[in-house]
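Pasting a structure here, questions to come.
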Amino acid sequence: RRHKLYREELNLTSPTAPLPLRPDASWLQFHLGISRDGLYPRSSPTVTRLLRDMRDIPTISAGDFNCSGGLNCSAAQLGSSLLSPRQKREEETPEDFFYFVDFQRHNAEIAAFHLDSRILDFRRVPPTVGRLINVTKEILEVTKNEVLQSVFFVSPASNVCFFAKCPYMCKTEYAVCGNPHLLEGSLSAFLPSLNLAPRLSIPNPWIRSYSFHGKEEWEVNPFYCNTVREIYPYNNSNRLLNIVDMAIFDFLMGNMDRHHYEMFTKFGDDGFLLHLDNARGFGRHSHDEISILAPLSQCCTIKRTTLLRLQLLAEPEYRLSDVMRESLQQDPLAPVLTEPHLLALDRRLQLILEAVGRCINTFGEATVVANDTAQSFVWHRAKVDT
């Protein structure tokens, strides 16, 4: 029955779309492998195959462009692409930029996948790979979207460019351009459709004010977490611990743009949080935004497995920057991050451990560290899986 639903969802039952549904297709095996524990098993061969397919399989259609540089590019129904060359690897986001107008970076999406899944073992970011895209052959010549076709032009430097049609940043000066046709991008695997796997989008309790003025309650009330703990579902589930995991992940990246999170409804209140939309991470390596850690510092709680993994990554033999560098070397667009961004990970990791230490000194380890090792593998002395 599930295969029938997939056929209907992809319109594969229509005579005009005779493409067969291959049960062994990497994207389908990825979808079928999603479980209560994460988007994929640890060291999944399916993910390895899916990354290879997303890197190599030709693009067959393109459309649904949005103003942040995102584009749905179907390569045998594999994923959606982010094209964002406005900020070079060695550049930092300007200090005067608000987080909600920051650039979207394709290399941040790639690095987020490696950090989340290969290093922290959360496995909550969809498989993502870098890809060198020919904007003429793989977008313009395959799209049937007339709006997308209309925004292509050739620049004075003879590069092929295009821009979005949307309420802002929709002029030729905000265009993305090939060199002359080739452009770096990231390709992230599609999740199952909402018809097949419904998801909830839930406001982050530590949402930021998306305006130039004003602050949210958590920014002015140091006891804000006491209020959160009284609200369902944060009062009787692992949801708050998962929020802390997400905050640690975002702090390591410097990602302030986490206004909502999503969950699969199938797994109930204790299901994992999807770590989606990470393109505004890794913007400033010289600044550590401590406010991102508010869920940890205000609630003073953390999973034991998360803490053990962080402590391991602070040891010289498994230093976070080193294992991240090694993992990112596997991507076709390596080097994905510059050395200052890699070294910033080590510095931020120490700040996380110091925050946990302060909590333990205040409330005691038994209160702060939630024992989830009975259901999970203990990583204390295990080698990081890269």
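Placement of Cβ uses the backbone N, Cα and C atoms for every residue, glycine included.
TrEMBL feature annotations, pasted as is:
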DOMAIN    152-368  domain 'FAM20 C-terminal'
BINDING   Ser188, Ala189, Phe190, Leu191, Glu262, Asp277  ATP binding site
ACT_SITE  Asp257  active site
BINDING   Asp277  Mn(2+) binding site
What is the pLDDT of the domain 'FAM20 C-terminal' (152-368) when averaged and given as a whole number?
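Summing pLDDT over the domain 'FAM20 C-terminal' (152-368) and dividing by its length gives 92.
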At a 10 Å cut-off from the C-beta of Leu191 (ATP binding site), count the other C-beta atoms across all protein chains.
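Leu191 (ATP binding site): 20 neighbouring Cβ atoms within 10 Å.
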With the ATP site defined by the record as Ser188, Ala189, Phe190, Leu191, Glu262, Asp277, how many Å span the farthest pair of C-alpha atoms?
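For the residues that bind ATP, the greatest Cα distance is 16 Å.
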Going by a 10 angstroms cut-off between Cβ atoms, which of the recorded positions Asp257, Glu262, Asp277 has the sparsest surroundings?
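Selected from the recorded positions Asp257, Glu262, Asp277 on minimum Cβ neighbours within 10 Å: Glu262.
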Neighbour count, 10 Å Cβ-Cβ cut-off, for Ala189 (ATP binding site): what number do you get?
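Counting Cβ neighbours of Ala189 (ATP binding site) within 10 Å gives 25.
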Could you tell me the C-alpha distance between Asp257 (active site) and Asp277 (ATP binding site) in angstrom, no decimals?
9
Take the Cβ of Ser188 (ATP binding site) and count every other Cβ within 10 Å, whichever protein chain it belongs to.
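Looking across every protein chain shown, the total is 26.
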